[in-house]
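Undergrad: TrEMBL feature annotations, pasted as is:
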- His207: active site, proton acceptor (ACT_SITE)
- Tyr385: active site, for cyclooxygenase activity (ACT_SITE)
- His388: heme b binding site (BINDING)
- 1-24: signal peptide (SIGNAL)
Amino acid sequence: MSRQSLSLRFPLLLLLLPPPPVLPADVREPVPVNPCCYYPCQHQGVCVRFGLDRYQCDCTRTGYSGPNCTIPELWTWLRNLLRPSPSATHFLLTHGRWLWDFVNATFIREMLMRLVLTVRSNLIPSPPTYDSAHDYLNWESFSNMSYYTRILPSVPQDCPTPMGTKGKKQLPDAQLLSRHFLLRREFIPDPQGANLMFAFFAQHFTHQFFKTSGKMGPGFTKALGHGVDLGHIYGDNLERQYQLRLFKDGKLKYQVLDGEVYPPSVEEVPVLMLYPRGIPLKNQMAVGQEVFGLLPGLMLYATLWLREHNRVCDLLKAEHPTWGDEQLFQTARLILIGETIKIVIEEYVQQLSGYFLQLKFDPELLFSVQFQYRNRIAVEFNQLYRWHPLMPDTFKVGSQEYSYEQFLFNTSMLVDYGVEALVDAFSRQSAGRIGGGRNIDHHVLHVAVEVIKESRELRLQPFNEYRKRFGLKPYTSFQEFTGEKEMAAELEELYGDIDALEFYPGLLLEKCHPNSIFGESMIEIGAPFSLKGLLGNPICSPEYWKSSTFGGEMGFNIVKTATLKKLVCLNTKTCPYVAFRVPDPDQDGEPAVERPSTEL
């Protein structure tokens, strides 16, 4: 064989040789762990990764210094020394009624209210910082209103465990977790006395800004107003608003049934409403929020606010006969926004807090301090507010008791009973306790399952990291967290470490304050979101908070004196028992009374 032929065949011969062995990597050399998975930066310091295994904490304006932002500056140290713990503050605010009766009658009330508002609101970053697509500051998080904001960035994707570095490599099954720890065994009423009128108000009110986009994913919202804009009354877009408007005297469309005003039917106003197939269009009511046909309690509030809007339009028309439809509509909307915020702060939040300090809605309290009048709804706030333990086992109206199957999408109940009868019934039936676990009815347990799945898709940081972010001490054990041994042992078996406990289960399973609707974390994390969203509304700003905004002193006074009782009794023929708490025993049999003609 010639040398030339050998040289041509040599590359082919190489292909027949066995491949060289692949040498295994040195198992003794560990794979570098993203250092930010350890959450090393304390006190709102920002973790920035360098290379594979190095990091730096940005402690700018945290009041702390050092490699991990743990060394307090002098003023920070003094402030921490003098500041009472959240549990001590809660105890003071919920005990000593005689002392608070004195405080509420003096200027001290306004001083404390200003302190509450500023301290709580300062915990919420403004402008917004992160979103579900960006774990770092960026222009998209600020400018794209389709995103929910985030208080903490998501867990880095390359961490050893789903919660960072602590806990097991696989989180417990969401269905198993919900059934074992959240499913109701026996109805536990709210010890603070909240009722179904409160529960339905919570759902109705929050559905104007909690509208997760099903197409885009759990990090996105369709409620681009990000606050109290009453999109659940007027619609979340101009097309829907125009379909709901009468375009005469500023009013909304309505229908009259048995001599009473109700929202129009979908047959008359063809907007999208989510009803089951088979329900005739004439029996479906058209309102601003497409899901309100689900519960008669939600449509009850939709009816009340419809009547209130048209009532306010009549009052404005009488005062301003030269105004056109658009100005009457827009001014009435601003008045209703003010009424909503007033009722939420002074009655709804008051009931929720259990405080003896009488809360006050007065935007002028913040005019002398630095405050930003804008808001962005956070994904954590959306998760936190899934309060389905409020729902009872059955719904009682008069002598009748309705199961979920009979109550959901019941299109005739509101008209058959009338607004007054439903208000009275819902005001007298207890809502459930939210915290402490094992109090969600099986009909709505699927909501909790979906929330847990959403939180994992969003990669929310552990419960303890959120406690630290809002100035609370992290729990050191499951027993400290639950206040008992059995559930603590079961949770430890599932999660492996208290620092791996998830956000939503943490909020619902935490031990409750004594005689309280939920635990410390729900109050301390939820209150800042709520108050910043309410007082950050434009109508609370110095530019808006004046009589001319609301059509003069008459409209301004409607806002300043708004109550839940007025909302109901100025829009019904009789005035039933109405409150956010069940009546005291001596009130239980009070009959309905005739309502005044115009104002209470």
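Yeah, the Cβs are placed from backbone N, Cα and C, and that goes for glycine too.
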Undergrad: Out of His207, His388, give me whichever of these recorded positions has the highest number of other Cβ atoms within 10 Å.
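TA: Of His207, His388, the one with the most crowded Cβ is His388.
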Undergrad: Pop the Cα-Cα gap between His388 (heme b binding site) and the residue listed as 'active site, proton acceptor' into the table, whole Å please.
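TA: It is 14 Å, counting Cα to Cα.
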Undergrad: Can you check which residues sit near Tyr385 (active site, for cyclooxygenase activity), meaning Cβ under 8 Å from its Cβ, same chain, 6 or more apart in sequence, and list them in order?
TA: Ala202, Thr206, Phe210, Gly526
